[in-house]
Amino acid sequence: METIHFTKVHGSQNDFFLVDEEENHITEWSDEKRANFAIKLCDRKHSLGGADGILYVTKSSEVGPIGQMRVVNSDGSIASMCGNGLRTVARYLLEKHALTDAKVETMKAILDVKKATSLGFDIPTYQVEISPVKFAAETLPMHVGVEKLFNQVIPELDAELAFSAVSVPNPHLITFVDQAVLDSNKQEKLASYLNSENPYFPDGVNVSFVKRLSDDAIYVRTFERGVGFTNACGTAMSACSLIKKMLDNDILETPLNVYNDGGRVQVTAKKDAAGEISLQLIGNATFVSKGSVRYENDVVTELTNEATDEQGQYQALVKEVKEFLKTTE
């Protein structure tokens, strides 16, 4: 029998159980055990309400970063990156080490994280780097007959919609649409197909439909690989922001407001001397509750769960966002 302590967290209501492997003495768990635990704990029918995945936090394998994040989705699959999750891990580690900025190791990169000015309502807000950014088909991987897909119609996917694809480093397929397309079932049909056996995206892909709201604001809805529709996907919001800036020739460094079903974030971008692009995702890092479970014979049983008062603060932002989005329909 093992007792596992957790913090229930969310970024833009993309919710997770954050599990510190060192404090729980589970650093020797196999990937299979981490996956099985995630499947059990993240079940939406569980007494704790489930989650989109588990954020496993442990020591970095490199010198410099204050910790490492590993993301396991609710179906047991591994996510190479999660922007919403990284914000909450950034807060957890920065508070643990009494810092305001640092570096955190992820599966594909070591990324800058820091505490940021609140988006409002005294919501804890953090800024995290999203990189590397790649457009080459092999980085997704993608097989649609082009080496780089940018604002192009792919008849095999849809006769009218123009798509762009980018990895950040997880793969994203993005199209800008109007409200009528958002209200249709096009996204669900396409995303479900591309995340089952198909010749175009053999490893699956996150599929985002984006609506322009103004010159400095967009709405993003994402079907996440391994999860399905979620309130928000941090890397998707970052990737969609970059594509919008490229399509409209926007200044990369200018903040873009990104609205989603889970709230609002801001995204900026920059290009270094070598021409490499990186993104900065700024949004909430909400701690919903702290608790513990018993894990025995592949069964997860709730032991304790104590709520914080932070969700009330975030709901004030959500209310504001919903009222704003009604005016854009």
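Backbone N, Cα and C atoms are what each Cβ position is placed from, and that goes for glycine too.
Per Swiss-Prot, active site, proton donor is recorded for C82, and the stated evidence type is sequence analysis. In the three-state DSSP assignment, the secondary structure recorded for C82 (active site, proton donor) is coil.
Taken from Swiss-Prot, the feature active site, proton acceptor covers C233. Under DSSP, C233 (active site, proton acceptor) is assigned to coil, being neither helix nor strand in the three-state scheme.
If you draw a 10 Å sphere around the CB of N170 (substrate binding site), it holds 27 other CB atoms from the protein chains shown. DSSP classifies N170 (substrate binding site) as coil under the three-state reduction. Annotated substrate binding site per Swiss-Prot: N14, N73, G83, N84, N170, N206, E224, R225, G234, T235, in sequence order, evidence recorded as sequence analysis.
Other than the site residues N14, N73, G83, N84, N170, N206, E224, R225, G234, T235, same-chain residues with C-beta atoms no more than 8 angstroms from the centre of those residues' C-beta atoms, the substrate site, are A79, M81, C82, G85, T222, V227, T230, C233, A236.
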